[in-house]
């Protein structure tokens, strides 16, 4: 386990949210999509240019731009269970 | 069901929502929910209306209402825009929140996606803070079942403290029970929903503010929620709240004092500003997790592998963009190939009728001018519009709606976002561009899904670079006449489709270019944050899509043709036949415009047709034809090749065709779109910009192409 950013994790990797380095509207937006402390996010795939990336967050796939995913401090976790990757709707 | 009468044209602009109760007994029910949970489907099934549905977040951007009669009582249902939370960020979320809080609803139905309930509970819990009269509709149960997600409804009800009704709105399952529960919740005592437990200091602060506040509110707003909002202190919400209550609660001395004290308690705990909000959001999510723990079980982990595979192919570096272009070309190919024959048959049929009419007019000795006005003017313009516009529409719209229902559009936005970011714009602009294919006015209204006002303006101003349904059949006609050969063989349809795709891609590139230019000049700014939900692919309801979009489209096009093309036909016939000083009015106008138009590779007739076509782009070509026909050559327009002959006789070359197509793609928006822009931007300045920017772009390009080609001796 090491501290990283959501931006840094590769396709197929999962991270647990630690804190958000954002304020104002961006912070509210990130919170609203469910990125609260302790939430797990898995990177599923990236757009053709590599940005934005699609993350599985609380059962929904949400695209985040690199600027925004770089604001999410997170702890990479080993892909604990395949269940997490697949249990999205 | 795709672009419908209700979602396009002048209906695209919503008027101020006025709840239409038929009797005071009627109950008003707000229909809330996260984006993309099938809220509009629930609404349509209950009210029998056709609110636009589609598999992408943000298609409902304003409130819609309809009536549902259940057991002899009527309910006014209000479909409010989908939102993740009620802590409003974008215009549509504000609409949702304000209606729930201050709209005077008797109860709220929160529609949830059963396949990801935990996330949806965020909104449920927030709604329950505003009103206890909440019924949770657990939609998409069929999908949840397929994905082997087991939901313990009883347990969920117990934990939430409100009714939870499982449903599959697409097949109308569970909706009767939903209305039973709605009836119960509006008639009987209010349920006692679970309230979100906040950190200790916040709870203490809330208790402090609530005490003096509760008597002031007289039951019009929930005291706990109001106290929370007073502590959060969002000025916009406080302003709306004061308007609703008739006074500002924070200005009451006792309340103000309590707020002051409460803030002290909070600041001792470090809960100020951002930290306070973080704590609120986190608490809500924690309760959502608690509620779902053990009550929602994912039994099969494998289900989504296929979806994931499809997504990886549709968005990969190698295949993402090519597949997107190929899909566009295939849709156009099917449209062009399929529309040829019906168009031909229609125009032959209309021509036959015209001959009969002419014979009849002759038989009853009707004056020549009457025949001219009604048959050569009104009838011919009307039928041309129908013959050329209707078949491509009837094919394109179902196809497009299928892609929309499938869930492909958000992937387009995902693939294109990087380029939009480089242009300092929002990736959701791709969604509004797609709406523009149907109707630019609908596209402009759709821009509400974009949060940043700057990026929204960019999307509104550039929406017109996507040709709407009034324009692309004309593009197809010009392409077929001048660049393909005009017959219907396989190879030629393919070529037409590819050329049309190229034209559309060109429009998209212009969108990028102008967006970037705007971002660097009059709309300076950096790209804002961007989050976009990528919903799961859903099997489209093919039969329903086809029936609805064909019927709606057919009626819409016919209605619009009658409303705009017929009077325009009348007017233009008069222009072409009333003479002043021995020359027709039309000739006066066109010869006045001619030298100017020639600079841009067109002629006076074409330019005037564009000007007269302001109410609807459909009528541009009929005006051109009538103007040419009135100048002597009397041709019957049986098919496109005869049409081409007419155009060539009037001096059209390939260069005229190119410039006309360019200007068709890049000129002012139609009057309906302009009015919508005025309404959306609340500003004449930006409406003017939306008029001038595409027009100047078009003129500049036409000028460069026309004079470039002439200099090079190409034309």
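A Cβ is built for glycine as well, from the same backbone N, Cα and C atoms used for every other residue.
Summarising the annotation, TrEMBL assigns GTP binding site to B:33-40, B:79-82, B:139-142. Annotation comment: TrEMBL describes B:44, B:47, B:48 as Mg(2+) binding site. Summarising the annotation, TrEMBL assigns domain 'FeoB-type G' to B:26-188. Under the heading transmembrane segment, TrEMBL lists B:318-339, B:359-379, B:384-403, B:472-490, B:497-518, B:570-593, B:605-631, B:651-668, B:689-709.
Mapped onto three states, the DSSP output places residue B:139 (GTP binding site) in strand.
Residue B:35 (GTP binding site) sits 20 Å from residue B:47 (Mg(2+) binding site), taking the CA atoms of both as reference points. Below 8 A, the CB atoms of the transmembrane segment (B:651-668) and the transmembrane segment (B:359-379) form no more than two pairs separated by six or more positions in the chain, fewer than 3 in all.
In the three-state DSSP scheme, residue B:39 (GTP binding site) is classed as helix. Reduced to three states, the DSSP call for residue B:44 (Mg(2+) binding site) is helix.
Looking only at Cα atoms, residue B:141 (GTP binding site) sits nearest to B:44 among the binding-site residues B:44, B:47, B:48.
Comparing C-alpha positions, residue B:81 (GTP binding site) sits nearest to B:44 among the binding-site residues B:44, B:47, B:48. The local packing around residue B:44 (Mg(2+) binding site), expressed as other Cβ atoms within 10 Å of its Cβ over all shown chains, amounts to 21.
Counting other C-beta atoms within 10 Å of each candidate's C-beta, the binding-site residues B:33, B:35 are led by B:33. Rounded to the nearest whole angstrom, the C-alpha distance between residue B:44 (Mg(2+) binding site) and residue B:79 (GTP binding site) is 9. Across the fold, the C-alpha of residue B:47 (Mg(2+) binding site) and the C-alpha of residue B:79 (GTP binding site) stand 11 Å from each other.
Neighbour density around each Cβ, counted as other Cβ atoms within 10 Å, peaks among the binding-site residues B:37, B:141 at B:37. A straight line from the CA of residue B:37 (GTP binding site) to the CA of residue B:48 (Mg(2+) binding site) spans 18 Å. When the binding-site residues B:47, B:139 are scored by other C-beta atoms within 10 Å, B:139 scores highest. Ranking the binding-site residues B:48, B:81 by how many Cβ atoms sit within 10 Å of each one's Cβ puts B:81 at the top.
With the fewest other C-beta atoms within 10 Å around its C-beta, B:79 stands out among the binding-site residues B:39, B:79.
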